[in-house]
Structure formats: structure tokens, C-alpha cells
Amino acid sequence: MEQLSYQSKLICSDESRHTGCFTTLPIRIHPRDDLADAASRRFVQDWAREMRDGREQSTHFSFSPVGNWSSLIYPEAIPERLGVLAYLSDLGLIHDDGGEGLSIEDAQAEHGELCAALDPSDISSAAPGSRAMKTKKLVSQCMLECISLDRELGLKMLAAFRDVWLAISERNSDKEAQTMEEYLKYRSDNGGMLVFWPMLQFSLGMSISEAEEALVQPIIDAATEGLLLANDYFSWEREYRELQSGQSKRIVSAVDLFIRTKGLSIDDAKEEVKRKIIAAERDFCQRRDDLYTNHPNIPLKLKRWIDCAGLAVSGNHYWCSACPRQNAWKDMSSQSLNGAKRKTSHGATIGMHEAPFKKRKDSSFFGSQPSDDEPSLSEVSSYPFYKPSGLALEAPSKYVSDMPSKGVRSTLIEALNTWLHVPSERLDSIMSVINTLHNASLILDDLEDNSPLRRGYPATHILFGHSQSINTANFMFVRAVQEVAQNLSPNALVALLEELKGLYLGQSWDLYWKHNLACPSEAEYVNMIDHKTGGMFRMLLRIMQAESDVTPQPDFHRLTLLFGRFFQIRDDYMNFQDYTAQKGLCEDLDEGKFSYPVVYCLENHPEYRGYFLSMFRQRPTIATVNACPLSGESKQYLTACLKKSGAFNKTIACLTDMERDLEFEINRLEQQTGETNPMLRLCLAKLSVKGIGRIGEVSPSTSK
């Protein structure tokens, strides 16, 4: 029978007992404890540099005389992943400490800031210099490392950190549990256990199916109980003293539960918790053995998962018994040792508003009867001038702005501001202008393409009509220009107007090719992208540069050029992927659009030209004609032609090359500015084609 092997070092029981540790499970420590300590030191330094709130001076981090917390709870972690786990763990510790000293409302607000920062898809804007922006910058590099190491498990871990722990950790925190079952349920949420297990999976590079999770869940439940209660046992004195001194506003502990519900003294309550810990470890072993007996052929992977869960229980227990975080109260002199300086581990329908008044039919406009020799004013002549309601004008704009968004442009603005340092008031105006122009372009694009859907919702012109949509889009352009003229510099206005001309120029060729069924060359298509899609990215950059006081400014031209091309060609490719359910299956084919895969196919394989042009010729090209998509069979055939021509492989290869060029360009700018930009790297990572699903094989029929 294949046996489990270990990279970690076994801690002998005689050594562990010196700290007051009483776990019944074997303890192991990662052989690269130095990596965990280095990551913890980096976190403390990053927090001090970015947050500037001094909180790192009063927080005890993962360091301990017996080893770093992450080295003890993830002893079998892949070495390359240990550092990022330690970094996230210390983020959790300092966040937990801060929350204990806050009211529930303030703690929930701080949870919200960290939740947004840990969301790769978050598009909310934060003012430069705000705590929310500092938090986002602090965690961006860590998130990028997680995704780079293991995209699937990294995103799963970050989602659990954000959506499971932060979203619910302060829920019901004003309610006192009355039973151990209630308490463990609350502590599992508040104590971060729902994120710990995805972190353990990430540490091992181990994906576990839902069926496998269900099979081992009783064992994991026992492990969870052991983890939580060990923390309660060893942290009681610290938390009780912090509550008594006013440093903390509340205490959540099994010791407190037994004091409240059973009337026990503190010593007896702690002894009861100790018995519960030993019982939980015994249950863990019994449930594990029962599973192995009932499932003799259980995969070695699950045995390793269960074994590492047990090692996490014992490692956490050992660390809690020795770490300054839980034991500094024993020696007040250790309070001067913060996480940065403390000795590290031994391993080193809409109507207008009514008029301002209703004219009475028995009076004239001036309120007196007209004389016989004066001409009488007609009612129409007497109506006053007033400004009508803007509801009809604003409704299409509000509709499209409320749709889900990738938020790439807002994220890019925040990332570029790492280098340009535009003041927050002007940055808010820039974001508002870019969002207004982008939404206006979406309204016009859908109308000009006769597209019925936008992000899974009816396109604006379907709901409000063509004319009203055009009118609103035009108004949005006017409003954007007005905002720049009022709030930003003359150079920003010049940049806006010049790039708007480019946007219209690029769109003109996209429309020309569709209307005339003329397929452009690859070079012509890329040039169109540079003006249409790239123009928006170039616009936001040029406006930011006009508002920045940084001198000299780096050359961002190639960055925005590549970003526009990458963004559009990726969108062309993804239109054939499953995300198209939001806009319609292969909607680019319905629109008769010469996207990048089609351009490559027709330019390099003219034998397919007749098929595509014949299909495109059948589509309605007049905006007043209802959109009529190609049949599913037609789209399958054309997709198969693209597949056979190698268009999809070429598109992926093109995107891969551009992604590499973008990474090189970011490196160049970081070296030139002397400032790393994890937010920009994360923005690119969210759009990465690394590991992206390839479009499946579809065989075209040979019949005509």
C-alpha cells in the first residue's frame, strides 16, 4: 500500500510540552520556515509603508520562538506558496486585531474595504490616499502572486477570503451564543475557518471535488472544532485583559461561553475547553479511521488531505501555546517587540414636470383684463419659458450605466495613477468623463450593429427606441466635454477632442466594412482598433497626463497601444466562447462583423471568403429592421471554417505574444519610475489568456 511521505520535520513531544502544548496529534514544521518569516516581515513593512496608521506596532504577527504560524499549519505546503500564505495570514491577523477595537458598524465598514480590495473584479473607485485605496494597493501584489502560482485555487482562496469570511464575519456578532453548537457555527465564520480550508488546498495544490468534500466533511468538522477551541484556550488571558483595559470592545470565546451558561469559574471553564479540545482530536482520529475502514480504496490524495488537516490542528495548537501573540501578557516587556522586530522562529414611460404655474383662463398673462384697444394675447403666446425635466434624456444613460461592467477602464485609471499621482478631485472627474463616454459609445455601438443584447440585457435602443437612444448618446458626449471644460485643464480638453475624433474615425471603417462587405487586411483592422478601442485608453491616459504634476512623465504610448489591441482582439476571441450567452451566441457573426479571427481566415484562406460573405449578405443592415440572427447551423459552419483555417490558434498566439509584450512594457515602466505597479499587473492578469479555454472542434458539413 502506498504510504504518505513528508517534507516537513517532526517535532518531538518532549520539545512541544515545554510550551504548555497538550495536543494529542503529531506536530510538524515546514523545512523552509525562513520563507514564511521573510513574507511576514515583508507584510509588516508593506503595511507600515502603505497604511501609515501605526497598527503594525501593536499587533503580534505570525512570528514565534517555535516557528512561523504558516510553517506550522501548512507544513506540507509547496515551498513556493508558503510566502503568500504567510502574507495573507498576517493580513488576517492585523485585520482581526483592528476589528476587535472597533464598534460592530466600524468593523463591518473595514471588512467592506478589505472585501473590495480582495475582489479582482471590483470596479468601485477609491480616492487616492484613502484607506480603501491604500488597502487595494497593499493586497494587489499578493493577489497577483496567488493567481500566478495557481489561477484556479488562487481565485477560489481569494473568493473564500472575501465572500465567505469578510462578508459574514461580523454578522450576528452582537448575539451571544447559548450552546456549543451555536458558538462553533459563529466562530467558524468569525474565526475564518471557511477560508482556512481553501487556503490549505492552495498550499498543497490540491483540488477537491464536492463529492470528496462531502465524504470527508465529518473529519474536517472535528478538525475545525480543535482549531477553534485551541485558539480560545490559549488566547483567553490576552483577550480578557484587552477587554478589561478597554483595548477591545467584545470577547468571543468558548471560555466565556462556559462561564456565562454553566456558571463556571475561569479556571474550570478553561479546563472544560481543554477537555473539549482533546475530545475533538479524538473524534478526528476516530472519524478518520472509520472512513478508512469503510472505504479501503480511498485515494491517497484524500488521505493526504485528511493528514494535513490534522497537522494544521496540531501545528496551530503548538503555535498558540508559544507565540507572543497569545502569550505576551506573561511578560510585559515583550510588548515592545512588534511584528517587525520580534525574534523570528528558530528556522530563521416618463412625463415632463408641470409648468411653474397653470395660467387661469379668466386672466391675462399680466393678471389684468385686456382693454378693448389692446390686442389679446393667445394662450400659446402667454406660456412661460422653463427648463423641462431631464428624465427622458437621462433614462437611457442611467439604464446602460446600471448594467454589469468589467470595470477595466476604471481599474486602469487607478493603476496608472500609481505613477501619475493625479489629485483625487480631478481623478474623480476623469473617471466620470471616461465612464460617460464609454457608456455613450455602447449605446451607439449596439444601435449601429443592430445588436439586441448588451451584457445579457436588452440593448438600450430596444427599450427606448433608436431616436431616443441616439439623442441621449449625443447628449452624453456633450456632457463629457462640458465636465472637462469646467473641471479640468485646457490641455485635457484638447486631448479629449483629439481622441474623440479618432474614435469616430475608427468606427467609420468598422461600419464601412460591414455595410460594403469588404474584408480589411490584418494591418487595416489593427489600425481601426488603435483608433476605436485603443482611442479610449489613450484618451484616459492623455487626460491624466494633462492633470498630473509629475515631471518628467514616462512614455506610455506603447502601453496603451498594446492594451487597446489586446483588449479588442481578446473580446473578438471571447465572442466565440461561452461568455457570449450574455450578448448572444457568436453575435459578431450575426452582426456581419469582420473580427480578428474572420479577418485572418479570409486573408489567408480565400476559399472560405464566399461562405462568409454569402452569410453576411443575408443579415439585415438597416437599423429599423428587427435583428435577425444567423441560424445555429450557419454559425456552427462558419465557426468550423475558422477552426479549420487556424484562425482561433492564430488569435490565441497573437494574444499570448501581446500579453508578453505588455508584461515587458510594465517592467520597463516600473524600472523607469522606480515604483512597482501591482494594480496594473492585476488588471492584466484578470484579462490573461493563460489557461484560457480553447474553442472546441466543430466539423463543418461538406454539403452546400
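Keep in mind that glycine also has a Cβ here, set from the backbone N, Cα and C atoms.
As given in Swiss-Prot:
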type: BINDING; residues: ASP96; note: Mg(2+) 2 binding site
type: BINDING; residues: ARG454, LYS532, THR533, GLN568, ASN575, LYS583, LYS593; note: dimethylallyl diphosphate binding site
type: REGION; residues: 1-329; note: region 'Terpene cyclase'
type: REGION; residues: 330-688; note: region 'Prenyltransferase'
type: REGION; residues: 361-380; note: region 'Disordered'
type: MOTIF; residues: 96-100; note: motif 'DDXXD 1'
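Around LYS532 (dimethylallyl diphosphate binding site), the same-chain residues at least 6 positions away in sequence with a Cβ under 8 Å from its Cβ are LEU503, GLY506, GLN507, ASP510, GLN568. In this structure the C-alpha atoms belonging to LYS593 (dimethylallyl diphosphate binding site) and ASP96 (Mg(2+) 2 binding site) are separated by 52 Å. DSSP assigns ASP96 (Mg(2+) 2 binding site) to a helix. In the three-state DSSP reading, ARG454 (dimethylallyl diphosphate binding site) counts as strand. For the binding-site residues ARG454, LYS593, the largest tally of other C-beta atoms within 10 A is found at ARG454. Of all Cβ atoms in the shown protein chains, 20 besides its own fall within 10 Å of the Cβ of GLN568 (dimethylallyl diphosphate binding site). The number of other Cβ atoms within 10 Å of the Cβ belonging to ASP96 (Mg(2+) 2 binding site), over all protein chains shown, comes to 15. Residue density at ASN575 (dimethylallyl diphosphate binding site): 21 other Cβ atoms are found within 10 A of its Cβ, drawing on all protein chains shown. In this structure, the CA atom of ARG454 (dimethylallyl diphosphate binding site) is 41 Å away from the CA atom of ASP96 (Mg(2+) 2 binding site).
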